[in-house]
C-alpha cells in the first residue's frame, strides 16, 4: 500500500481545490445559453475551459497548434505547474527553438472537460447546488472533450488549426478532431495512441477505478463534502498505471533488483527494493495534484473511445476523403499502445485516402517515451511540422 507520506498536505489539498474552480490560467466561460451537448444526452451548462497559450497568433490566424494532454496531464504544457511547482509536462517539445516552436507557432492547450485543473469536471462546484459535482457530474467521452475544445477554438476566433498534436489520451483527441472537424485540421500528429481502447487497457483502468472506490475515504465520491480524500486508493491506482507506461527493459536498467538504502532485506513489507520506493513515490506525488473522481471519469472516457463504432465498424470510413496531413508515431517498447495499433490507424488512413506518414521509433522507454528527451522523436515532429508549414505558407510568409 501507499505509505502515510502519501497523504496530501493541507496546502496542496487547498490549492488543488482552488484550481478546480479558479485556475491560475486563462479561462473561457460558457453561459447557460451556450451548452455543451454530451454524448450521454445531457447538455452541460454553464461550464468553463481552463487553458494556456504560448507564442503569438499571426495576423492570418494560420499558425495555431492545439496540444491535447494525456490522462493525467493538464493545460500547463510549458510553464511551471501551479500546484507542484515543477516544469510543464512537455517542455521538451514546446518552447522557443523546439519542435513546437513558440517563436513561430501559437500553441494552445486546454484542460479537458472532466479534468481537475480548471475546466468543469467532478471536482468543480455544481452551480445548481453550490457543492462539488462529485458523481453527479455526467459521464463524458473523448468526443465531448473535443467538442468543448472546438468551442474554445471558436471563442479564440480561429477557424482552422495548423496542427493538432497529442500522445496517449491526447492522441485519441487528435484523431477525434480529424473525424469530427476534418475541415478545421490542416495537420495532425497522433502519438502512441489508438482509434479505440483495447480490452487489456480497459482492464487496467478498471483495476485503478476499483482501487479508488475501495478506499473507505472515497465515500461514494462525496469525499470533499465529508472532509476526507481517497489518497491510498488513488495512489495505488497511479502505481499500477505507471507500470504500464514503462517497459521491462527500462525498469531493469533503472532499478534491477537493487535495494533501497540497505544491503540486506528487512524481512518486512517496507520498500526494500528501489523499484518499490519509486512506485510509492509516483503514487504519493500524484495524489497531491489530481482529483480521484476525475481519474474515474477520464479513464472511463478513454474506455468508451472507439472511432469505428460510429461508422458501422469500418474505421477507414471515418477518414474518407480527409484533407488533413497525418504523421503517426509509435514506440517499439510501448505495450500499452503497441505499434500494431498505430499500423492499424495508418492502414485505415491510407484506405480513406489520407496523406499519412508513419514512424516507429526504436526505444526501450515504453509508452511514456513521448514525454521524455528523445531526439529522434523531436526530429520527426520538427520535420513534419516544417513540411506542413511550407505547404500552408507559414515559412514563405516568414511567420
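Residue numbering: from 1, along the chain as shown.
Just so it is clear, glycine is given a Cβ too, placed from its N, Cα and C backbone atoms.
Keep in mind the model is a prediction, meaning the values are calculated, not measured.
Now, the feature entries from Swiss-Prot:
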- 63-372: domain 'AB hydrolase-1' (DOMAIN)
- 168: active site, nucleophile (ACT_SITE)
- 238, 368: substrate binding site (BINDING)
- 334: active site (ACT_SITE)
- 367: active site (ACT_SITE)
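Location within the structure of each feature annotated in Swiss-Prot.
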| residue | record | contacts (Cβ under 8 Å, 6+ apart) |
| --- | --- | --- |
| 168 | active site, nucleophile | 70, 71, 191, 192, 193, 336, 337, 367, 370 |
| 238 | substrate binding site | 72, 208, 282, 283, 286, 287, 290 |
| 334 | active site | 192, 247, 366, 367, 369 |
| 368 | substrate binding site | 245, 246 |
Secondary structure at residue 238 (substrate binding site) (DSSP, helix/strand/coil)?
helix
For residue 367 (active site), what is the tally of other C-beta atoms lying within 10 angstroms of its C-beta?
23
